[in-house]
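As given in TrEMBL:
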DOMAIN    A:46-355  domain 'AB hydrolase-1'
ACT_SITE  A:151  active site, nucleophile
BINDING   A:221, A:351  substrate binding site
ACT_SITE  A:317  active site
ACT_SITE  A:350  active site
């Protein structure tokens, strides 16, 4: 077991493994990149695990080393914030399969000495969760005060309560779902096909090449980005406004602001994300079906859980609409798990969980304080 | 002026033009491929123009020459059908910019003797309509008994009533909109970027090459296809069902039926459609904003119209939702144009207008009979 601080990637720990995987194989060694904020209590009772979304990272409340941007949830995590680092020790790990320091397709395959590429095993949300549990074991944290996540982070939170029912005291599940729908899978498949159609993908073996499948990855990101925003939000933000010009060009440049915005989102993404990781993580999300893992009945996933739940959806989120959260809450009720549910109003669609939202902040703050006795 | 019957492409007429274009230029000559069904009355009073959608063609009620499939709207057009070819002479033209015989980027550029490719002028929905009007002039049809179209066909129908207010007696506008929204533009932009990212696109100059940008075009089609279906429809049709296997493969094959379906939709599309045409027609749709063409007020578009209108939307259509149809109807009301509006229920989303729908059939039949006196 070794631990080091890599420049710009925060802390990384290499655990010997093996990590047993849902796909049948195992992974060893297991690298886990993570950040911590705040101080762990001597009895390790104040740990909160924050789980990131598809393209997120461990830098939840500190600067991203590659982009120089602030942490992705500084609104929620920090001193005096709802997830208060003056009281809690907040841990955020880069998920298995990703590209910010944790084991993924870009990692060195010990069998060959070169990057795994597509020889990396296909993983699941539960595999990500098992890797996180290995890290908590390493850090001496037996039980989480809380686990909090939005989008894919919420899937991890749900999977945690089902996989380690004794290790989670509270779970906050925001803008998430207990299973990927046909439409969710469809959008991810478009993204994967865009990447795989890029000749620079080279069946995944581009790490030593001069070029990466950035064009395909940009298209994948553009398609996904539409699903993160609401139709009304796009209309309010962009409508049919033209980009820095007075009239249409009658050409194929980005005439409309929304085109320019999407192209920027696509291009800037390729600077910070690995195309193969995008394939693996979208696959893990598509495979996610918590009910299926528990005999086809979602309530069964929660029968052993000792956690309190706070489930939050946004009214304009069409990626994981409120109906998905309601299905989770119905299952929690059926399993007699303590659960509160709120649908918040926001014009911003799925992205709302990452944006300023006073109600969300109050809600999470209150829910955590209820477990804190404060 | 010449007229010929090309094998498999129905009738094509070459009109001398020039066709004045919204982009400022003009096009000459203008080829228009079209089909007719039924017999034109001696006074030419029984002509109905049916307008096709983005990837449609003139073969509304007869076999597609390339795919061998039945016409795309045989449910609605034919002897004894709502658009009854025993009573009406139905005309359907391949839109300008397309690839089934009408002038488009694959057509021969008289200036060079080679295909236009990206030298083809960027066109608008109104340009398509002007080309159709040229054909009607050629056929000796002064006034349409009715114009009927779904999706982009509905945009043409709306544009007809605004551009040639004296030449349309009735208009049926189904699952359509008077302007493309930011989200509509965003999805089209993803498709265009997918095509342009394909190295086989070669800046549009692939007509003499061994390969075409089929991978990019397939991705574009896959993304668009999701918008044609409802979330509930996808869930009902596919859910999370696996494709011909009992368990997940933990790989990147099409495990889920919805993936397999989308891949098939993408691939089969590339056999019948030209990638550059896809760029041009999506651009025309994105540019469509009937209000903008009339001083920013949609009602102004209809003030001179002498047509009766029948506007139909589907409750699960999220591409052109009912709100868009309501906006059209409000403008028609403000312009004192006779208009009826119905929102039909269907689980099939935008695609509903192409599918069996007894209510739609009754509605169109009744609307046309009201003008017929029968």
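Placement of Cβ uses the backbone N, Cα and C atoms for every residue, glycine included.
On a predicted model such as this, the values are computed, not experimentally measured, just so you know.
Overlay of TrEMBL annotations on the structure.
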residue: A:151; record: active site, nucleophile; Cβ contacts under 8 Å, 6 or more apart: A:53, A:54, A:174, A:175, A:176, A:319, A:320, A:350, A:353
residue: A:221; record: substrate binding site; Cβ contacts under 8 Å, 6 or more apart: A:55, A:191, A:265, A:266, A:269, A:270, A:273
residue: A:317; record: active site; Cβ contacts under 8 Å, 6 or more apart: A:175, A:230, A:349, A:350, A:352
residue: A:351; record: substrate binding site; Cβ contacts under 8 Å, 6 or more apart: A:228, A:229, A:233
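Residue A:350 (active site) counts 26 other C-beta atoms within 10 Å of its own C-beta, drawing on all protein chains shown.
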